[in-house]
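Asks: Quick one: structure below, then a few questions.
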C-alpha cells in the first residue's frame, strides 16, 4: 500500500507522467469536462470532497509553477479565492519557487481545460471553484 498522502491511483499516475508546463485542472461539481481530457470524478455528494481538500493533496505531490483562476472568483467566491491564495503562498515556501497566478475569464478557463492532461471533479458546490495547475520542475 502506498504510504504517501495521495492514495488515488488515477491522480497519482497523472502527476507522475507530467512534464514541465503540462497542466491538470481541479474543478467544482459543475465544471464541464472536455471529452478528450482524462476525467477523474471524485464527487460523492454536495461538498464531498471539497475543492480545497483536493487542492491541498494534489499540491503536496505535484510541483507547481503556474495557476489559472477565473477572474469571477474574486467577487463571487471570496472565501475559496482567499484559501487558494493562502495555499499557493504556503506552497511557494515549501517548493522554494514563485508560482504565477493568472486570472482569466471563466469562459477562457473552460476552453483552457481542453489542454489539461486530466480534469479532477470534486463535490464542491460553490461558484468558480476551479483551478488549472501548471507543472514545474524540481531542479
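Placement of Cβ uses the backbone N, Cα and C atoms for every residue, glycine included.
Positions annotated as active site, proton donor by Swiss-Prot: 20. According to Swiss-Prot, the feature substrate binding site maps to 28, 106, 128, 129, 130, an assignment based on sequence analysis.
Let's see these features in context: how buried, what's close, how far.
Replies: Counting every protein chain shown, the Cβ of residue 20 (active site, proton donor) has 10 other Cβ atoms within 10 Å.
Secondary structure from DSSP puts residue 129 (substrate binding site) in coil.
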Asks: Please report how many Å separate the Cα atom of residue 20 (active site, proton donor) from that of residue 128 (substrate binding site), as a whole number.
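Replies: So the alpha carbons of residue 20 (active site, proton donor) and residue 128 (substrate binding site) sit roughly 26 Å from each other.
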Asks: Have a look around residue 128 (substrate binding site) and count the other CB atoms within 10 A of its CB, chains all included.
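Replies: Its Cβ has 23 other Cβ atoms within 10 Å.
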Asks: State the count of C-beta atoms found within 10 angstroms of the C-beta of residue 130 (substrate binding site), not counting that atom itself.
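Replies: Total other Cβ atoms inside 10 Å, all chains included: 26.
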